[in-house]
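Worksheet for the structure shown next.
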Amino acid sequence: MHSLSLISLALLSPLLVNAQLSGHVGPLTSSSSKASTKTCNVQDYGAKADKETDIGSAIEKAWDDCAEGGVVYIPSGDYAMSSRLKLSGGKASAIQLDGIIYRTGSDGGNLFMIEHSSDFEFFSSTSQGAIQGLGYEFHKDGSLNGPRLLRFYDVTDFSVHDVALVDSPAFHLSLDTCKNAEIYNMAIRGGDSGGLDGVDIWSENVWVHDVEVTNKDECVTVKSPAKNILVENIYCNWSGGCAMGSLGADTNISDVVYRNVYTWKSNQMYMIKSNGGSGSVSNLVLENFIGHGNAYSLDIDGEWSSMSTVSGDGVQLNNITVRNWKGTEEDGAARGPIKVVCAEKAPCTDITIDDFALWTESGDEQTYSCENGFGSGFCLQDGDGTSSYSTVITETAAPTGYEASSMSNDLSTAFGTDASIPIPTIPTSFFPGATPYSALAGAASGNAAKATSSATASRFRHRRGSH
């Protein structure tokens, strides 16, 4: 799918090659092989699809029997879950969620936490499995103290795919200190409030692709520490937008690529946010972005006032490439499509903005503003960062080629915070003109194995120097 000849690879920039996955991602053993070893059906452990009986104990018992090789199987049906599960250890295991789990109970924490595991898979064989967090029951009273839906800590060689995460009381999906992960074919749908992050990543060697997020905070966001992160075919559908940060002390992020990101009615197309702090971000590519109706477009803000100032001169940003951005922004005079604000004592260096064409939906002018950002393109200045500057450029003519496609599933309004959010169907398209890397599970002639085979093939192609 992205297989290139050695000659073609030699012509690629070092930045693009280096900012790739560092090796294999995803589980080492197929789910079918795990199932043939052992299958632990939660209904054999007391689970009832009555939307009342807590499924937590049944999952724990099934996990105890299948964690060292096998599949915990949750059949189709509606299940209640008042427990907060911490599933620890295990190898060559999987959780197959073909039913729908409804969060009950008022405890915080994590609905599911998987930790210290390897060769793991969390998936639906039908693409109809879901976790319904019913977060509105907290949010209608102004509370964000409910549980996160799905968190991974210290897990290696794993995947999450073909499931929907809906209306989390807090964050939806977090990858904390993990390695060699693949996240794909997902729909995440949250309320119209901050603090309801879609996908948060502070890990190593992670491939996120073909994911739709609706919320009002992070779409797919990289936090520190992180390296070798590839994010592709992302649909931020009335969301906060993709981002990096917030960044604080001892930031350590490198070799990150975002590619094919479509953003509709969100806070930003991409934001890097910090205020003080220390450490660095290096080797970042942001390419093939389409946006419509967003408040901000490219927003690099080293003095972000929405976070408290962190001790330090600032986070050093170096070697950032922004290319092939198209579309429109909400109001280009109030919030221009390019904002690069870097700390005077930690200027941004080696930034390139190329093939960037966005135009305002309101009025007939827009601004490009840069402060202590050095490189090439628009308001950036040449230099090595030894001198400071601040400049604003006003543009009154629409750039050539800014027109861009839209998506047929663009939402007409946000989901609120005081009523249940419906479970969505996982889409089959996440970026205009881009084909998902893997068919939805259960799609091709009802054969989930075809989707699994496609996913496995694409995983092994994504190694350093083979993309």
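Along the chain as shown, the residues are counted starting at 1.
Cβ atoms here come from the backbone N, Cα and C positions, even for glycine.
Of the listed residues CYS66, CYS178, CYS66 is the one Swiss-Prot pairs with CYS40, by disulfide bond. Swiss-Prot names the disulfide partner of CYS370 among CYS348, CYS379 as CYS379. Put simply, ASN237 (N-linked glycosylation site) is 10 Å from HIS292 (active site) when counted between their Cα atoms. Checking each of the disulfide-bonded residues (CYS40, CYS66, CYS219, CYS370) against ASN237 (N-linked glycosylation site), the C-alpha distance stays within 10 Å for CYS219. When each of the disulfide-bonded residues CYS348, CYS370, CYS379 is scored by how many other Cβ atoms sit within 10 Å of its Cβ, CYS379 comes out lowest. Spacing of CYS348 (disulfide bond) relative to CYS236 (disulfide bond) is 27 Å (Cα to Cα, whole number). For the pair formed by CYS219 (disulfide bond) and ASN252 (N-linked glycosylation site), distance between Cα atoms is given as 21 Å, rounded to the nearest Å.
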